Structures are given as structure tokens and as C-alpha cells.
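Working notes, structure below.
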């Protein structure tokens, strides 16, 4: 059996979902860690420097390409699998199976993922395009700020401006809630999909996943809230 | 629990054959004993239908002891009805109250086409087993049972997987119509034992390929299958199947 056949079988497609899912979970750790610098209490200096490092160093830029590829694969594969799985039951039931044995969010990964995708488009437009493509075409350039005689993009100020709008803050919070539920199932499910079947590890991963699904989206949600309420 | 009798309204899926369009039909059964099984209640209804000159309802059943996996009704939104770890034939009428309306549907999945009424064609499962759910044993004298040492916990886990009766309730309950719980039970059962070792890699590859060919969906680990399984096959077997598949997939030629 060729590798192409392996990774395009029903199990293989899920492997792609699992591996890209874990890769995106790793990205979230980096993202939330770097963004937490906004709370350093130095008016964004540490945060702007960290963002500069991510934008101006080779390794993170190469990883960024991988990140886009990871998102792309996870999203496209997710939609394709959802459509294929739905088509496997041409005639539906009159009475639905309901919640026995499964959580609503485990059955709603497509909807939760779609909400996150909508958010992602808005999010990339808010921060990634001005920071990477600022000044090209109609994309506005970020303000500059100087630390020790070196110029940096003032991404901190950009966040402050974006999160002045209560609508944006609410949309970000809704996205964080979607992310929390997506992770609550996705984290432990990804490890099952890539073959972790040891009962003790599965229990640990479920607990870890639940913790991760609460802490990381909560930290993300606190960012727009902090800006909006003037805590930073 | 005290014995009682009940009158029930049944909403049953009737479909003449595979190519015709089915519909629900309402029936009323009276004086049903709480000690009857669900299938016995259907026997009473069928007697009534025959008496009235109507076509009896076709449904699958065989042992009526909960061990053969033939019965297959989707009752009020649950494969094998409201009780846990139970088959339709072992579902007793004391699960219902007088005056209840019960909706009975066939298993729904593209890979399980309806043959007639509540009967579906589950031969896809047979073909999956034929694709790899076996071990090769040389003919001759039976080997001494103690010749191959097997750890007790491994033997127990293998046995728990081998409990699968292939009824298809996992597919019926799954939102993706996935047969992964069935498949993983078969793969686990043999992968845990030394006897399963020679075909270990080809087994999982061939069975997954056959499952895909039959038109079952993929697994999203929701856990609905495990909760509805009459033999309580664990979701852990699916994770083991995934591991078996990865190793076989990247190391087989």
C-alpha cells in the first residue's frame, strides 16, 4: 500500500486532522505566551520586541509558512471530511440519537471550527496584514515606536485601537468560547486519532485538554477585555 | 417490579423493498405484558396484522438471547432501545408505560441499505471480516493450550474486544455512520494475541480499505458508539486501531 493510499483512507484523513490539530495547539501555546507580554506593564515594550522577533527572524518566518499550511490542511480536510461523513447517511432518522455518550461540542466541531475560521479572517485582517504587508496597496502601515534607538512596529498601539470597539471585543470573546469548546473535544480526540490508546495516558490527556481548553482561550479573551477596560 | 399490562401506539417504518420509498405507519397494540420482550410485542402486532389480512412487519431476529447480534431496531432514537448494554431482544416492555408512543426505525446508513421494513443489509460487515478478520492456522493436531503464554490482562482485553456481536448499533448511533468501533474490536481482538501476529499489518490495512469501500464514514471520537454498544466495546479500541494503522501504513511496503 502506498503512502498516498494510507493518508487518503478514512483513517489516514483523520491522521492528517489529528497531526495538524496538535501542531495548531502548539502554535496556540506560542501565541498566547508571546501575547501575554502585553501585561508586562511597560506600555507594550516587551510585547513589541517579541512581535518584532517573530516577524524579523528566519526560523519563526519559516514556521509561519508551516502554520499557514497547517491551518489550510486542517480547514480544507475538516470540511471535506464533514461533507463526506454527512453523505454516508442519505436517509436520516425521524428521532435523533441525542446526547447519550457524546457531548454536543464533540458533534459540532464543524460549526465551532467555522466560527473560528470566520474569526481568523477578521483576526488576520486586524493584525497580520498591517504588520506584514503594511504600506502595500491599501493596507495601512503600523505606527513606529523607538526603544534604545531602534525602531519597532507598535503592534501594542494597534491592539489598543482595534479593541476600542465593543463589537470587536464581543466577537473576539465569542471566538474564544468557540475555540474553548473546539479544544475541549479536539485536544484529547487528536491524541486518540494518532493512536494513543493507553488508558492512563488518555485520562491524563483528557484532563490536560480540558485544562488547556479553559486556560488558553480565557487568556486570549482577557486580551481584548484588558485593552477595552483600560487594564493595560 | 410488579407486572402490568399496557396499550401502546407504535410508529413503525414500512418499506416494501430496497427500491421503494418507505413511510411511517401507525399501529395500536393492546394488553401488552410488561414481562414481554420488545420482539414478542412485535410478534403480537404481526399476529394481529396477519389476522387482519395485512402484510406483517419484517424485522431481523435470531437467538433472542442477546448474543447473536441479529436484531436491529432503532427505538425512540436509540439503537436497541432505551436500556444500556442491551439488545432489542433483551429489551423488556417494562421499559415503557401505558399509552406510550414508540417510534421504530431501521438502522440508517448508506452502507446498510434497507431490505424491507426494519431489516437492513449488514453484509458489509461480513466483507470487512473477510478482508482480514482471521488468523492462519495449520491443520493437524490441536496445539496444547499452554504452549503459547499470553498475559492475563492481554487475554482479558482481547476477550472484551471479541465480545462484539457485529449488530451494527455503533454505525446506527454514529453521526458519521462510521464502523470504526466494530472494526477496531476485530483488529484489537487479534492484535492483542500472539496468534494474530502473522497478519497483524495486512489485517488492519485490508480491513480499513474494505470499510472505506463499503461506504462507512470516518471516526470523530464522539463516543456515541461506545454508549450504545450492547457489549460495551470500549472506544479505546479505536485508538489502538489508529496506532496499528499508522505503524502498518508507514512500515508496510
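FYI, residue positions are counted from 1 along the chain as it appears here.
Glycine too: its Cβ is placed from the backbone N, Cα and C atoms.
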Legend entry - Matching range for TrEMBL feature annotation, transmembrane segment, among A:61-83, A:130-152: A:61-83
Legend entry - Of A:21-41, A:61-83, A:205-229, whichever stretch has the most CB pairs under 8 A to the transmembrane segment (A:104-128): A:61-83
Inset, instruction - Among A:61-83, A:165-184, A:205-229, point out the range having the most Cβ pairs under 8 angstroms from the transmembrane segment (A:21-41). - result: A:205-229
Legend entry - Same-chain residues at least 6 beyond the ends of the transmembrane segment (A:205-229) whose Cβ lies under 8 Å from its Cβ atoms: 25, 28-29, 32, 35-36, 38-39, 159-160, 162-164, 166, 168-169, 172-173, 176-177, 179-181, 183-184, 186-188, 191, 196
